[in-house]
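For reference, the structure discussed in these notes is given below.
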Amino acid sequence: MATDDDSFPWDQDSILSRDLLSASSLQLCYENLNRSCVRSPYSPGSRLILYAVFGFGAVLAVCGNLLVMTSILHFRQLHSPANFLVASLACADLLVGLTVMPFSMVRSVEGCWYFGNTYCKFHSCFEGSFCYSSLFHLCFISLDRYIAVSDPLIYPTRFTASISGKCITFSWLLSIIYSFSLLYTGANEAGLEDLVSALTCVGGCQVAVNQSWVFINFLLFLVPALVMMTVYSKIFLIAKQQAQNIEKMSKQTARASESYKDRVAKRERKAAKTLGIAVAAFLLSWLPYFIDSIIDAFLGFITPTYMYEILVWIVYYNSAMNPLIYAFFYPWFRKAIKLIVTGKILRENSSTINLFPE
């Protein structure tokens, strides 16, 4: 991130001398080109370890989220408005693993961008689009869980497939339009022309964002985050109250309708708890990054490169977390994975298999 504050003088010669210091003794991204960026000074062993760690995250994000999408879209038992939101969220995380993480892996390890200036812009746009899409999906999922837990019997009539589709469309359109309008047009660099010119070298792919847009980015994170925290606080208060009521009723003879309502409420509370953990993981992954963005925007690139890379990869790894959370808490997801990896979903009528034997 960058700043447009005049109190930070950016001199092209001083920055280049800092970044290209002792360039003759260092490896360059492009040895035969002037103004080439300097490669990261990692040893071969360190490079191998970093590639393994980052590559594992990318593979996990792609394979894990592909399993989530396949499970929900294939098995009819999982065809519900809420699960379609989860499948769309998995699609956003899958695209992070496909279009963002592999290229960021090379940039982080080598310190060089070998994929051209055009894809550098697209890479930044994809990064913003898919990550904001995940945020908006999680916000809508939290609202869905609140409705389901607060009144589980009328929930199916309130959160319909039509409403789910509108939430999905909104999440994708807003995130894509915003990210491309900001990053592909270069609006984020307004007022930072001298800084961008000073930092530009062949083999680099850096995104400079002025203070105004950094603040707007932070608000786009903060508002949904506050909504999610508020909603899940209410959900757990309702869940606690329901648990107390069920305990009281267990000492009495309950009518059949009450028993059914209790079972439904219990199922919805469990779903809310699991998705609440996914939301918490998302917020914990993203909050340090946005705080650092604000600090850098107003204090001027004080974050060390290695620390910034750590924060970015914590964000990326969040795209691989949700499938692990589902696998840990959802028996139906574990069963679906087994059916998928063993090839049993290719059998006739496999979509009607019961994933909820209980």
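Positions of Cβ are set from backbone N, Cα and C atoms, glycine also.
Look at Swiss-Prot and you will find C37-C201, C120-C205 tagged as disulfide bond. Look at Swiss-Prot and you will find N34 tagged as N-linked glycosylation site, backed by sequence analysis. Feature annotation from Swiss-Prot assigns topological domain 'Extracellular' to 1-47, 105-125, 188-211, 296-309. Taken from Swiss-Prot, the feature topological domain 'Cytoplasmic' covers 69-83, 149-166, 233-274, 333-358. The transmembrane segment annotation in Swiss-Prot covers 48-68, 84-104, 126-148, 167-187, 212-232, 275-295, 310-332 and rests on sequence analysis.
By the Cβ criterion (distance under 8 Å, sequence gap of 6 or more), the transmembrane segment (310-332) is counted as touching the transmembrane segment (48-68), at least 3 such pairs being found. Note: the Cα of N34 (N-linked glycosylation site) and the Cα of C120 (disulfide bond) are spaced 20 Å from each other. Counting in whole angstrom, C201 (disulfide bond) lies 13 from C120 (disulfide bond) by their C-alpha atoms. Comparison of 48-68, 84-104, 167-187, 212-232 by number of C-beta pairs under 8 angstroms to the transmembrane segment (275-295) places 212-232 first. Between the transmembrane segment (167-187) and the listed ranges 48-68, 84-104, 212-232, the one holding the most Cβ pairs under 8 Å is 84-104.
For the topological domain 'Extracellular' (188-211), the mean pLDDT of the prediction comes to 79. Secondary structure at C205 (disulfide bond), as computed by DSSP, is coil.
Each residue contributes its Cα atom, and for C37 (disulfide bond) and C205 (disulfide bond) those atoms are 10 Å apart.
Between the disulfide-bonded residues C37, C201, C205, the minimum number of other C-beta atoms within 10 Å of a residue's C-beta occurs at C205. Fewest other C-beta atoms within 10 Å: among the recorded positions N34, C120, that description fits N34. Beyond the topological domain 'Cytoplasmic' (69-83), the same-chain residues lying 6 or more positions past its ends with a Cβ under 8 Å from any Cβ of the stretch are 90-91, 94, 141, 144-145, 148, 159-161, 163-164, 271, 332-333, 336-337, 340, 345, 350-356.
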